[in-house]
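Trainee: Here it is: the structure, laid out below.
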Amino acid sequence: MESSLPQVAALDRSTLLKAFDETKTGVKGLIDAGITEIPSIFRAPPATLTSPKPPSSSDFSIPTIDLKGGGTDSITRRSLVEKIGDAAEKWGFFQVINHGIPMDVLEKMIDGIREFHEQDTEVKKGFYSRDPASKMVYSSNFDLFSSPAANWRDTLGCYTAPDPPRPEDLPATCGEMMIEYSKEVMKLGKLLFELLSEALGLNTNHLKDMDCTNSLLLLGHYYPPCPQPDLTLGLTKHSDNSFLTILLQDHIGGLQVLHDQYWVDVPPVPGALVVNVGDLLQLITNDKFISVEHRVLANVAGPRISVACFFSSYLMANPRVYGPIKEILSEENPPNYRDTTITEYAKFYRSKGFDGTSGLLYLKI
């Protein structure tokens, strides 16, 4: 009898997940319904909720880099290259200020994502889908049916480059802003990839010529206030499967980066953007730049809004093969990974979900 209990529990969980998904109202729908306790499908394994705090030291805050001028003169350029290379190598995360994207564009992007998630439920349901190939998708937890616990957030996402959605496919609340903001992020990304190329000792356009800047996936996240934030997470520990990610976050906070086995807070800085190295950049730089794990805490305050832009073609057809850059390999620095395509890696990454392990282990030699 006892041996059948796990099967019964799994069946019950599957039923609950299906029922939640079929509402098409996401986590916000639970809050709108007035819940005071989180459903069991959101209860995270206790081990994933641990929060070892770093020593009280400035050494445990991610670097902030001033991009003012974009390194147009040689002295400033060398300084920027050194700072960004150092941050990508030691932290995998950094914030940028004076990045060239106007404050009003940042604010309108945050407001647009909020308006989408808070609009009439029936309108929002029209965008609900679990098809990753869709041009425009609203859902809650892409790995809902495979993860140990669901995350406390809802997401609107679309590819905005190289082929943005048709105007008629965009949400009225934020569609135009998503396209405008993406264009600004693409310009910033081009500069960052140039600086990262130079930090590797390569030609300025090396990473661009590898098509690292060609595709952009934009995800607008909505983290509703949580009645029991100590029992769940806004986003489970994971690393990104991109080349580079640029994140816009509002004032609520909750993002943490794993550094030297400590969870380090990334406090919101007005006007700043958070940049992090993705798995694909770690792969092609042969571990020179690191893709580190990060997570988002649930919060009784909220909603928290963030907009993440991923430089990667993800599940879009892309036959190009990627492996460690040959120009940086040597006898002392042999390749650590086998070659792959973005599509192959993205499918593996999606199938494993946010299980707390690095997808790069799949490609290790």
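Even glycines carry a Cβ here, placed using N, Cα and C.
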Trainee: His238, Asp240 bind Fe cation in Swiss-Prot, but which of His206, His259, His294 does that record place at the same site?
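Mentor: So, going by the record in Swiss-Prot, that would be His294.
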Trainee: Over the domain 'Fe2OG dioxygenase' (212-313), what is the model's mean pLDDT?
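Mentor: In the predicted model, the domain 'Fe2OG dioxygenase' (212-313) has a mean pLDDT of 96.
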Trainee: Other residues near the Fe cation site, CB within 8 A of the CB centroid of His238, Asp240, His294?
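Mentor: Result: Leu235, Lys237, Ser239, Thr245, Asn276, Ser291, Val292, Glu293, Arg295.
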Trainee: Per DSSP, what is the residue tally for the domain 'Fe2OG dioxygenase' (212-313) in helix, strand and coil?
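Mentor: Looking at the domain 'Fe2OG dioxygenase' (212-313) with DSSP, the answer is 6 helix, 46 strand, 50 coil.
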Trainee: Which chain-mates of Asp240 (Fe cation binding site) that are at least 6 residues away have a CB under 8 A from its CB, listed by sequence?
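Mentor: When sequence neighbours closer than 6 are ignored, Asp240 (Fe cation binding site) has Asn276, Gly278, Asp279, Ser291, Phe310 within Cβ distance under 8 Å.
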